[in-house]
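Annotated features in Swiss-Prot:
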{"type": "REGION", "residues": "1-80", "note": "region 'Domain I, interacts with DnaA modulators'"}
{"type": "REGION", "residues": "80-130", "note": "region 'Domain II'"}
{"type": "REGION", "residues": "131-347", "note": "region 'Domain III, AAA+ region'"}
{"type": "BINDING", "residues": "Gly175, Gly177, Lys178, Thr179", "note": "ATP binding site"}
{"type": "REGION", "residues": "348-467", "note": "region 'Domain IV, binds dsDNA'"}
Amino acid sequence: MTSELWHQCLGYLEDELPAQQFNTWLRPLQAKGSEEELLLFAPNRFVLDWVNEKYIGRINEILSELTSQKAPRISLKIGSITGNSKGQQASKDSAVGATRTTAPSRPVIADVAPSGERNVTVEGAIKHESYLNPTFTFETFVEGKSNQLARAAAMQVADNPGSAYNPLFLYGGVGLGKTHLMQAVGNAIFKKNPNAKILYLHSERFVADMVKALQLNAFNEFKRLYRSVDALLIDDIQFFARKERSQEEFFHTFNALLEGGQQMILTCDRYPKEIDHMEERLKSRFGWGLTVMVEPPELETRVAILMKKAEQANVHLSSESAFFIAQKIRSNVRELEGALKLVIANAHFTGQEITPAFIRECLKDLLALHEKQVSIDNIQRTVAEYYKIRIADILSKRRTRSITRPRQMAMALAKELTNHSLPEIGEAFGGRDHTTVLHACKVMIELQQSDPTLRDDYQNFMRMLTS
């Protein structure tokens, strides 16, 4: 009964809170107990303290509303329902500040090459270079509300590798700075300890190395490479999906590193529990440390990024010009930087001053989609017809999923395709608050990463509304 009560409570919290907050702090909690006590297990001390400080009051309120009897007493503990395996124990110890386990003496496999790249090799059969980009540092990373928590967590890991949050799991859409943050940690560790053994790579590199090792009968060397590092940084972990043999080997690598107190940082385009065709035991382990979402940057952060990049390129970019680009390019940092590079290149070749008018001409093809004038009324009508509901349903206070999802879709499209502010969009959707619109946009971004049907719907709407 207590378990059912907790699931109902989670449903209310998911509706009330922004997706990032819910996924980071509340979704990882596990519950068990009796009629008198609800025991909540947090994966680490950081989550436990944050839930206790920020959410425990609201949890108590919801539980009291859901039961006619006295609400169960809530206790928070670090751990897991499934018990204390070695890996879990290592995770919990690291979460509460245990000191780094001293690993046996092992050969140095990462050093600084003359070019600044970090070369990583395995003797004999397997050899490849996996490097940290020296420009990806915390100093060159522009902080904003969208990435504030992720940056803070990454800096904690850089200061205390292997004992802060292990693994650190960063997720979010493409081009939002996950790789930059991950490599910033590696560069910070390396700066403090030039003898540190850092290995950064894409998940497909791990798969390719494993296949090569099997072909050359060099699997022991493969395992020695990946298990002898001080920090393992793997990008786009979702590419392990459907690769059963790779998942099996990474599972054992994960356990070996965790038990050795070696740091892991993983990135993904979606929340770990939402990765299809990935073993449950792996998805569970991904959540043992700290899971943080990196969101699309808000306008102020986009402007700051542009100004920073222009400064690094020794190019004068007025705040007016930066604001113009930031208003037009809203999808991700990568596209934003690409647009700026195109503008700078055109200015260099033509000798013209960078102004909003010059930018519009340079980016006319890229901005074509954003320049389409689409009304909120047209968006609401198109979405309602597509999902076979009434416009009145979209504007209503109904919260059933069959109405909520189309409403969130329409709000996200309105933000993407119109120049209306969030309060104006909220007002057009039945007098809702701007935070509701912002939450709807976040939900759509996340669902597009995990739900192919919804992603196709969104792309279809974009085509219909801009054609």
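Don't overthink the numbers, they just go from 1 along the chain as shown.
Cβ coordinates come from backbone N, Cα and C, glycine included.
Same-chain neighbours of the ATP site beyond Gly175, Gly177, Lys178, Thr179, judged by a C-beta within 8 angstroms of the site's C-beta center, are, in sequence order, Gly172, Val174, Leu176, His180, Leu181, Thr267, Val294, Val333, Arg334. The binding-site residues Gly175, Gly177 differ in how many other CB atoms lie within 10 Å of their CB, and the one with the most is Gly177. On its own chain, Lys178 (ATP binding site) has Ala150, Leu170, Tyr171, Gly172, Asp235, Thr267, Val294 as residues at least 6 apart in sequence with a Cβ closer than 8 Å to its own Cβ.
In the three-state DSSP assignment, the secondary structure recorded for Thr179 (ATP binding site) is helix. Within the region 'Domain IV, binds dsDNA' (348-467), the DSSP-based counts of helix, strand and coil residues read 87 helix, 0 strand, 33 coil.
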